[in-house]
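Encoded as structure tokens, the structure appears first; notes follow it.
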Amino acid sequence: MKGTAASALLVALSATAAQARPVVDERFPYTGPAVPIGDWVDPTINGNGKGFPRLVEPPAVKPATANPRNNVNVISLSYIPKGMHIHYQTPFGLGQLPAVRWGKDPRNLNSTAQGYSHTYDRTPSCSQVKAVTQCSQFFHEVSIDGLEPDTTYYYQIPAANGTTQSEVLSFKTSRPAGHPGSFSVAVLNDMGYTNAHGTHKQLVKAATEGTAFAWHGGDLSYADDWYSGILACADDWPVCYNGTSSTLPGGGPLPEEYKKPLPAGEIPDQGGPQGGDMSVLYESNWDLWQQWLNNVTLKIPYMVLPGNHEASCAEFDGPHNILTAYLNDDIANGTAPTDNLTYYSCPPSQRNFTAYQHRFRMPGPETGGVGNFWYSFDYGLAHFVSIDGETDFANSPEWNFAEDVTGNETLPSESETFITDSGPFGNVNGSVHETKSYEQWHWLQQDLAKVDRSKTPWVIVMSHRPMYSSAYSSYQLHVREAFEGLLLKYGVDAYLSGHIHWYERLYPLGANGTIDTAAIVNNNTYYAHNGKSITHIINGMAGNIESHSEFSDGEGLTNITALLDKVHYGFSKLTIFNETALKWELIRGDDGTVGDSLTLLKPSHVAGGKKLHS
């Protein structure tokens, strides 16, 4: 690609503000169905009683009337420096600025904070959805800053344009950096709805029993699996839903929900009991999943970062290219001679992380990062860093148009694009093939360099994609090339990830996957050997419609893996005890027991030092 062409394209594509907003290219028309629906038996938006069941989840605020015309359906909390952000969602606009009344006394909410609203032309719109309490299209952001640390505050969302006033709710602000008290965090990845009921139950329990916050490392809701129920079972995919004849990877017992007979007219398929993860509509998957999580996101901050399932409406075609026929030519239950899915195959509202950017609000703007993609925050003795393992680095899994073009092109042709093309969400100055050209790399370097290890001796980084695993994939090399050097240089203690749908704890690894034997005390205790090695944990077992991962033919455990569990679902509990010890525990979803534990120790002379890199 010519340098001038690349520069022009990157200027057009790069984000221009810290709070990224989706930019969707529409040079070529979308030619698929008005509303893609993954159910040939019931291809309706609201359901006709046939086909796959249509779920209903309670909204965050119970409406005061039986037939509301607007409602607050989702409420979620997230940290901002010295405060809290309150995000809430409604099907229709408020007719005024969103607001929150708040105070320290639940009987005297004597302060009011206002914010802003945003929306997108979702497919289908909420005006096409009959149930007002099951749809979100307007997203409201209210930040309350200047708050006291480690303090409980109360708040209420007032009624506006037909919504019902919320109950008086509460949140607890973050502990200040350096606070010596112990705390726990719920860490999860790859959580949909199907196969995640146990994880959800344990997560709700954790949220009510004092867990400080939840940290979800990508793949939220599995909205892009809306079409799994129309894909016939295939030999190269281990999931086949067929009632009591269903087959799933992992080797565990068949979940009860899979024993339900297929609805009349449906075929054995690559999906699950709902067709898609929760719904046969992309946007309804998002709506239902967020409402299912209300009893967590209302109680504790829910911090998120991007995964591959947030990028677009689909990742791949199915048998006989059934999705190409449907999305490109509006032919239901058809076939196509070739897989021809492109960036333009998805409805415009289902491209380029659009839903993800609207449905959450992370502290990118406040921490020098970008939107929900990369940001950091302190809590007590730890500094937490969320990075984007999907876009915005060289050879990223979801690349941008600049990597599609050839010759002197400034934009790719339709056929040169891929369905998951996304970003960049930060600025790019230089070649797209050099990670140091990307804003994210420079932000990460600056963020890690500023960490005061005398206050936050523990530094934990998470992205969706692992750097290493016994299940090797080429993206792991690119993630390492982008970030591993910085993490080692600045003495990061642990790198957390998901993407692979199992639990895999690795031995401490230095550059190029060298096992740091000096950091291994025993199989369940490591030293934080800052600058020499990093503890890597793959935490992708929360549960979703795709079930567990399996090794490909010829693969198996390698010597970097200390423990592998590809049978159980669950999340992980990270407990920071003090400046020299933390504990990591796998919490099994089926019974809440501990399936694995790791203690990470840090010598006191290292924990108190500010400079941990050469």
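Using the three backbone atoms N, Cα and C, a Cβ is placed for every residue, glycine included.
Listed in Swiss-Prot:
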type     : residues : note
SIGNAL   : 1-22     : signal peptide
DOMAIN   : 80-176   : domain 'Fibronectin type-III'
CARBOHYD : Asn110   : N-linked glycosylation site
CARBOHYD : Asn161   : N-linked glycosylation site
CARBOHYD : Asn242   : N-linked glycosylation site
CARBOHYD : Asn295   : N-linked glycosylation site
CARBOHYD : Asn333   : N-linked glycosylation site
CARBOHYD : Asn340   : N-linked glycosylation site
CARBOHYD : Asn408   : N-linked glycosylation site
CARBOHYD : Asn429   : N-linked glycosylation site
CARBOHYD : Asn512   : N-linked glycosylation site
CARBOHYD : Asn523   : N-linked glycosylation site
CARBOHYD : Asn559   : N-linked glycosylation site
CARBOHYD : Asn578   : N-linked glycosylation site
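Sequence features annotated in Swiss-Prot and their locations in the structure.
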{"residue": "Asn110", "record": "N-linked glycosylation site", "DSSP (3 states)": "coil"}
{"residue": "Asn161", "record": "N-linked glycosylation site", "DSSP (3 states)": "coil"}
{"residue": "Asn295", "record": "N-linked glycosylation site", "DSSP (3 states)": "helix"}
{"residue": "Asn333", "record": "N-linked glycosylation site", "DSSP (3 states)": "coil"}
{"residue": "Asn340", "record": "N-linked glycosylation site", "DSSP (3 states)": "coil"}
{"residue": "Asn408", "record": "N-linked glycosylation site", "DSSP (3 states)": "coil"}
{"residue": "Asn429", "record": "N-linked glycosylation site", "DSSP (3 states)": "coil"}
{"residue": "Asn512", "record": "N-linked glycosylation site", "DSSP (3 states)": "helix"}
{"residue": "Asn559", "record": "N-linked glycosylation site", "DSSP (3 states)": "coil"}
{"residue": "Asn578", "record": "N-linked glycosylation site", "DSSP (3 states)": "strand"}
Neighbour-count leader, CB within 10 A, glycosylation sites: Asn340, Asn523, Asn559: Asn340
Asn333 (N-linked glycosylation site) to Asn578 (N-linked glycosylation site) - Cα separation in whole Å: 58
For Asn242 (N-linked glycosylation site), the three-state class that DSSP assigns: strand
Number of helical, extended and coil residues in the domain 'Fibronectin type-III' (80-176), per DSSP: 6 helix, 41 strand, 50 coil
Nonlocal neighbours by CB distance (under 8 Å) for Asn512 (N-linked glycosylation site), same chain, sequence gap 6 or more: none
All-chain count of other Cβ atoms within 10 Å of Asn242 (N-linked glycosylation site): 15
Cβ-based isolation winner (fewest other Cβ atoms within 10 Å) among the glycosylation sites Asn333, Asn429: Asn333
Cα-to-Cα gap, Asn578 (N-linked glycosylation site) vs Asn242 (N-linked glycosylation site), nearest whole Å: 50
Rounded Cα separation (Å) that holds between Asn429 (N-linked glycosylation site) and Asn110 (N-linked glycosylation site): 47
C-alpha spacing of Asn242 (N-linked glycosylation site) relative to Asn161 (N-linked glycosylation site), in angstrom: 45
Of Asn295, Asn408 (the glycosylation sites), the residue whose Cβ has the fewest other Cβ atoms within 10 Å: Asn408
Separation of alpha carbons, Asn523 (N-linked glycosylation site) and Asn340 (N-linked glycosylation site) (Å): 48
Glycosylation sites (Asn110, Asn578), the one with most neighbouring Cβ atoms at 10 Å: Asn578
Across the domain 'Fibronectin type-III' (80-176), average pLDDT on the 0 to 100 scale: 99
